[in-house]
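**Student:** Structure provided below as structure tokens; questions to follow.
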Amino acid sequence: MIFNIKPIFVFCAILCVYSCKSQTVTAPKKVEIVSDTAFVNLKDYSQDFVYDMKYATSDNFLKAKVYDCAECFLRLKTIKALISANADFIKMGYKIKIFDCYRPLDIQKRMWKIVPNPSYVADPSKGSIHNRGGAVDITLVDANGKALDMGTSFDFFGIEASHNYQNLSQEIKNNRELLKTTMIQNGFNPLDSEWWHYNLKTASNDKVSNTKWKCD
Ligand SMILES: [Zn+2]
């Protein structure tokens, strides 16, 4: 009998402790361990971004909707750095608005066909940092959701989009400078010819990908 009672007692004790705990402690969320270089969706990590995913519409230089849905996939390390930059902008009353994130290689090839100029579109034979999940095209919006004046539209292929272009108002220069300095502080490098483009500093050795994300 003693051998039979003991396991029952132990079982009841465990059950009691477990059920007592469950009344006061919220069950932990299922935490998925993801590698730093895995592709993840920004929306699963933050709700603090504004989206204007240009290639999920025909409002882009391709004049074609090349993504089936507007999602921002990036490698996890890029997502972490972007969230950190956005936290800095939020403290200053702004938010990041996103135009483009990871870009499958097939889309890069289509872009190169239209604009075969390496100042504006990366040669798909080498692959862009967008194809590696380490680049973002962004701007800033204010507390009312209004985009700051950056002097040109996104994907403006001309000298006016360059960080080095000086014939701009002081306000535009300040806006570009704010975006640039904060992104650099958070692990990104700017691209001289495009004020909207930022590369994660550690992304150059990641592999080019042509994986496409699923749409619901
Ligand atoms: Zn870009």
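A Cβ is built for glycine as well, from the same backbone N, Cα and C atoms used for every other residue.
Here's the feature list from TrEMBL:
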| type | residues | note |
| --- | --- | --- |
| SITE | Arg103 | site 'Transition state stabilizer' |
| BINDING | His130, Asp137, His197 | Zn(2+) binding site |
| ACT_SITE | Glu194 | active site, proton donor/acceptor |
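In the displayed structure, how are the listed features positioned relative to their neighbours?
**Tutor:** Other Cβ atoms within 10 Å of the Cβ of Arg103 (site 'Transition state stabilizer') number 25 in total over all chains.
In this view, Asp137 (Zn(2+) binding site) is surrounded by 23 other Cβ atoms within 10 Å of its Cβ, with every protein chain counted.
According to its DSSP assignment, Glu194 (active site, proton donor/acceptor) is in a strand.
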**Student:** Taking 8 Å from the centroid of the Cβ atoms of His130, Asp137, His197 as the cut-off, which other residues in that chain fall inside it around the Zn(2+) site?
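**Tutor:** Other same-chain residues near the Zn(2+) site: Phe99, Asp100, Arg103, Ser128, Ile129, Ala135, Val136, Leu191, Glu194, Trp196, Tyr198, Asn199.
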**Student:** For the recorded positions listed here (His130, Glu194, His197), which one has the lowest count of neighbouring CB atoms within 10 Å of its own CB?
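**Tutor:** Across His130, Glu194, His197, these recorded positions, the one with fewest Cβ atoms within 10 Å is Glu194.
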**Student:** Among the recorded positions Arg103, Asp137, His197, which have a Cβ atom lying under 6 Å from any atom of ligand 1?
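**Tutor:** Among the recorded positions listed, those whose Cβ sits under 6 Å from ligand 1 are Asp137, His197.
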**Student:** So, three-state DSSP: helix, strand or coil for Asp137 (Zn(2+) binding site)?
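**Tutor:** Where Asp137 (Zn(2+) binding site) sits, the three-state DSSP reduction gives strand.
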**Student:** Within 10 Å of Arg103 (site 'Transition state stabilizer') by C-alpha distance: pick out those among the recorded positions His130, Asp137, Glu194, His197, and say none if nothing qualifies.
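**Tutor:** Those close enough are His130.
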**Student:** Given His130 (Zn(2+) binding site) and Glu194 (active site, proton donor/acceptor), what distance in Å do their CA atoms have, once rounded to a whole number?
**Tutor:** 14
